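Below you'll find the structure, written out as structure tokens, and then a few comments.
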Amino acid sequence: MTSKGSQEEYDYLYKIVLIGDSGVGKSNLLSRFTRNEFSLETKSTIGVEFATRTIQTEGKTIKAQVWDTAGQERYRAITSAYYRGAVGALLVYDIAKQATYKSVERWILELRENADRNIEIMLVGNKSDLRHLREVSTDEAKEFSEKHKLTFIETSALDSSNVELAFQNILTQIYHIMSRPSHSTGPQTTIDSNTETIILPTTSEPPAAKSGCC
């Protein structure tokens, strides 16, 4: 299928949101995944921005629309529009800052209040390159993820570790869910943004066999 106003072809369009406290590296995760760029001078995001990237999974072309917003409290008024239409969320904390990890439960509550109840959530421990400054153990975060039924991964936007894998995994998980019969026979899903309304194509093909991912 071809997106309107673009020659780029894709089978599915999924909106993914990045959430978490300010300074955990959300903007650099976005730029590393979509443009393979990293900036040490990144300032706190003001308002909202999004970027897109197309990937292949199980023979399908998936276009990810990844949204980024500041985690600071004064910007929380935008949350309802920010979450609207999102089918996945990367909840990011800084492994070298315990306070950002302690905020994770609050972000989960905000997700539950504003996002679709079936949104796929991945907990992301970012800045894994700062292992010498680690304040949050991998085992603790894994245990938390299992308790809250989240997937979990540690990444580094600085050295690219697991950034590609994190997005690939959550997009594949969403594809498995969205290609089930209960999703493929219903009305088309739309993604609302401030700039355009995007139709999420449905599929008449049978769901792909589920494959494992971390």
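Glycine is treated like the rest: Cβ placed from N, Cα and C.
When the ranges 33-41, 42-50, 69-77, 141-149 are checked against Swiss-Prot, the one recorded as motif 'Effector region' is 42-50. Comparing the binding-site residues ASP68, ASP129 by how many other C-beta atoms lie within 10 angstroms of each C-beta, the top residue is ASP68.
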